[in-house]
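First the structure, in the form of structure tokens, and then the observations on it.
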Amino acid sequence: MYFPIVALIGRYQDTGLDAPLTALAQMLTQAGRRVLVEAETARNAGVSGYPVADWDEIGRTATLAVVMGGDGTVLGAARHLAPYGVPLIGINHGRLGFITDIPLQDAHDALGRVLEGNYQAEDRMLLQGGVWRGEQQMYSASAVNDVVLNRAGRGGMIEVRVELDGAFMYTQRADGLIIATPTGSTAYSLSANGPILHPGMNAMVLVPVAPQTLSNRPIVIPDSGVLNMTLTAMGRVEIGASVHFDMQTWSDLQPGDRITVQRAPHIIRFVHPEGYSFFSTLRRKLHWNLMPQATDNLE
């Protein structure tokens with residue numbers, strides 16, 4: 001049997017999630033699967049009648065995690081479950097949905113095919129890093145999409161010295177700097193004119209946000225290196241600077257603080273229904289104006 005124990009995870013703030021989650025739980029039970037509901041999802045979405053589990057229990061026992069919500073919901077679930085190796089499948093109950101690629105109305109059909117073994121798996125990298133003040137580590141976190149260093153208030157720019165494996169790259173004056181994974185290259189990085197990286201690439205991309213020097217362009221680097229970014233100045237920034245690991249924020253950066261970023265030792269495994277195509281997702285989500293040929297598989 002494929003995926004005998006399935007965990008359900010939903011976006012806590014979403015209204016109206018109880019009905020589709022309950023229907024999904026019923027469908028899974030009828031298919032002979034044991035269903036676990038993540039604790040906050042059960043509490044806030046009102047899903048009852050199924051065993052409730054915290055992240056650790058899900059990580060130790062679940063063979064598949066079904067995440068209903070937007071990409072942000074998947075990011076949070078992925079950070080929790082990546083160390084356990086639990087694969088995830090995303091059902092879009094949000095907005096754009098690059099990671100939650102299954103529309104809500106197709107959830108039962110798509111999940112049914114996956115449970116029958118008609119699926120393809122895709123491994124993606126995470127980032128890990130921290131904030132150092134001298135020899136003391138002030139903060140640590142992981143990120144699926146990106147690590148973003150930016151000014152926290154109005155006015156002025158931040159100045160950052162960037163090194164890769166100890167080799168000086170540049171000193172950047174900008175509103176911010178994005179370090180994105182291939183997964184994150186279609187998120188904030190894309191809106192800052194960064195390139196799209198194929199998810200199979202072993203790479204990261206550094207994208208400046210409103211740099212002072214217009215010749216400062218995004219640069220793609222191997223994910224095998226360690227980035228060190230030292231905040232050298234904050235100009236006339238009124239409040240300070242912050243660093244964000246996905247949606248996790250450290251907002252007390254001071255001049256001289258060092259931010260380290262590198263590839264995490266574990267990966268995320270996403271499960272897609274058979275026939276999934278990254279390029280098809282790009283065409284749909286970004287509305288690329290292609291002239292398809294009759295032989296093209298568009299979906």
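Positions of Cβ are set from backbone N, Cα and C atoms, glycine also.
Swiss-Prot has this to say about the protein:
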ACT_SITE  D71  active site, proton acceptor
BINDING   D71, G72, N145, D146, R173, D175, T186, A187, Y188, S189, L190, S191, A210, Q248  NAD(+) binding site
Among L190, A210, the one of these binding-site residues whose Cβ has the fewest neighbouring Cβ atoms within 10 Å: A210
Cβ neighbours of D71 (active site, proton acceptor) where a neighbour is any other Cβ within 10 Å: 25
Span of the NAD(+) site, taken as the largest CA to CA distance across D71, G72, N145, D146, R173, D175, T186, A187, Y188, S189, L190, S191, A210, Q248 (Å, rounded to a whole number): 30
R173 (NAD(+) binding site), number of other Cβ atoms within 10 Å: 19
Residue among the binding-site residues N145, T186 whose Cβ has the most other Cβ atoms within 10 Å: N145
In three-state DSSP terms, the structure that N145 (NAD(+) binding site) belongs to: coil
Surrounding CB atoms that lie within 10 Å of the CB of Y188 (NAD(+) binding site), all protein chains: 19
R173 (NAD(+) binding site) in three-state DSSP notation: strand
Three-class DSSP secondary structure - Y188 (NAD(+) binding site): helix
